[in-house]
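Remarks on the structure that follows.
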Amino acid sequence: MLLTTEPTATQIRDERIYATMGLSDDEYALVVSLLGREPNYTEIGLFSVMWSEHCSYKNSKPVLRKFPTTGKHVLQGPGEGAGIVDIGDGQAVAFKIESHNHPSAIEPYQGAATGVGGIIRDIFSMGARPIALLNSLRFGDLNESRVKHLFGHVVSGIAGYGNCVGIPTVGGEVAFDPAYSGNPLVNAMCVGFIRHEDIQKGIAEGVGNSVMYVGATTGRDGIHGATFASEELGEDADEKRPAVQVGDPFMEKLLIEACLEVIKHPALVGIQDMGAAGLTSSSAEMASKAGMGIEMNLDLVPQRETGMTPYEMMLSESQERMLLVVKAGHEDEIEAIVTKWGLHAIKVGEVIEEKVLRLVHQGEVAAEVPVDALAEDAPVYHKPSKVPAYYEAFQAMEPVTPIVEDMMATWKDVLAMPSIASKRWVYEQYDHMVQTSTVVAPGSDAAVIRIRETEKSLAMTTDCNAKYVYLDPRVGGAIAVAEAARNIVASGAEPLALTDCLNFGSPDKPEGFWQLDQAVEGMAEACRTLDTPVIGGNVSLYNESNGQAIYPTPVVGMVGLIEKPEHITTSFAKQAGDVVFLLGETKAEFGGSALQMLQDGKVSGHAPTLDLENERQTQKVLLHAIREGLVTAAHDVSEGGLAAALPELVFGTGFGVDVTIDTDLVTALFSESQSRFLVTVDKAHAEAFARMTNGTAIGTVTEASTLVVRASDRLIEMDVQELERVWEGAIPCYMTSEA
């Protein structure tokens, strides 16, 4: 809301201007109560962004408390820019995932690019050097021209920013479903490396210490971005384009280097990214955490546009900006470091004893608000919850095994589904080798980055099958955690912890809140069983377009530790003659499956079942087998079932595979039962592997590039290269065809 003349406090009240900023009548009354007076325009702007769901988690806080957040590896849990876990030898890894869904729906290139930039700043604000980027993306039906436009420009935005800033984009996931046609999801994850002694916090301690502004100038882009991210997308969505920020990755690169050098200086007290809610959130949160206040002179804020008001400066979400608190008397030393990198470093205020955020503009106090009122005293809502009618209907359904009349044609059709097909079209646009530490590039179950000058590596992944979560939020939430851990273990790593991005519809609808609550219950249970605490994350609610919500999509970003290079494992067959094992039990479970979507065009019925103790044990024995040197390749069996996992095992290798199926073929190939791995083992170790894991030997890797399935009543034989052409060509074909 950009006005030439700002409304008076009386107009704000009488014309309910606060409601256009996302505040309810009750919330406005609470602001008046906290201040002891009616707020002016700048002040109500501060409250509107800080009390948005995006900043305050006012609708999700009671739910988030269910997550386990501590563990043997956790050095920093939720509450700072990113979580941090210990990896031994005084070293640690910081990581976090965040959403940029609403901006990407309006301006896909900049929305995605600035999502990447923001998550990078969260990582280096902790003192960590960013070493890898991942993402999790959701789009609608790829036959639609608007969806193609969004998909293409989001991928370009991620690539454009990540490639220019010099951080490898090494992994992620992309899924397509009509549920996301009006509301795409763009979740960005960053991983950073740090030594224990360099860990920083966003805190404003020490009365008289200086508050310094570092980085790019402030413009009018992104004003009310946090509020925009906390409401449904309506018919007027395109008019919200000014709420989308504009990024500069080259400025970000300079900011990374400047801040990582400043962090080594003893005069630095605290540092925080000016992310959602810009100067408002960074100043209020840093002061509140320290039990202090901040006074800022807004005349000193570097501006790239003329005539900016306090309201605009405080609510701007211009990118590539950081707020520092520096010990008094050392400002010149910090400025010297920052200006060496060609950036602004300007004292704009200082820490004060009074616990207020005081903003001075042109010699007058433009706003004065208690910092706790902004940061800690935001209202928290316990929303009503109601089981949706669709869920009860699905639960009442009897499980049905689909009929497949043409097995070979159906198999190819599954491989050509955009959610299952190769994502090479996506990741070949990303520079995944910059920094030259990428050991396992996109395409395997998890990416692997080596830690230089050590034997250690990090495995990382993002995962969520939202169709399962829609069918049964509690089970689907647990499966999201379990599948992420499965991908980490299949890469030879021990899962350490996770970060989550909870993408849901409106919590104001009791059925929507029930989905959120149940999904978190399931995730929390899986986290406890698998010993993967939640160290941070993001909540993105109101993902609805014209009243239609997305599937509940709790994306899990997970990192694991590989102790030795010989433990690194990929999902690709290595040599002919290796024995192919299937770990885990296959049941007739087709609810939410690729086959169900292919045949019915929608999901229904029951989500796959999940026995968490069995999941834990299966992962444990596989990781042990990998560390014992018995495994040549390991692949999680997930979406598409064995029909996807089996050919993926040999795609790009020149090998084939010959397996025997002695159960129902449709179930064996297309069921999406959980807790399963495909594993290849040198035949010399096959007996030992079978004893250790109770795995079932189903076939061998062959020299001939042929996929052979021997069933009791038929023989299926297909050319691997032909299947690979179908799998590799699907997304490029969609993107070059006319809608």
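Using the three backbone atoms N, Cα and C, a Cβ is placed for every residue, glycine included.
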Task: Further binder of substrate named by Swiss-Prot next to S99, H100, N101, H102, R121, E317, S318, Q319, S540, taken from the candidates Q245, Q395, Q617 - done: Q245
Task: Site-mate of Y57, K96, D500 for ATP in Swiss-Prot, selected among G22, G127, G537 - done: G537
Task: Sequence-distant neighbours of H100 (active site, proton acceptor) in its chain (C-beta under 8 A, six or more apart) - done: G111, A112, T114, G115, G118, V186, N187, A188
TODO: Check the binding-site residues D122, D273, E317 for other C-beta atoms within 10 angstroms of each C-beta and report the one with the most.
DONE: E317
Open item on the list: Taking the Cβ of each of the binding-site residues and counting other Cβ atoms inside 10 Å, which one has the highest number: E98, D500?
Closed with: D500
Open item on the list: Quick check: with Y57, K96, D500, G537 left out, which same-chain residues have Cβ atoms within 8 Å of the centroid of the ATP site Cβ atoms?
Closed with: L64, P78, I97, E98, T499, C501, L502, V534, G536, N538, V539
Task: Neighbouring C-beta atoms (10 Å sphere around the C-beta of G537 (ATP binding site)) - done: 25
Task: From Y57, D122, D273, N538, the binding-site residues whose CA lies within 10 Å of that of S99 (substrate binding site) - done: N538
TODO: Could you state the whole-number distance in Å separating the C-alpha atoms of E317 (substrate binding site) and H54 (active site)?
DONE: 13
Task: Cα-to-Cα gap, E98 (Mg(2+) 1 binding site) vs G537 (ATP binding site), nearest whole Å - done: 6
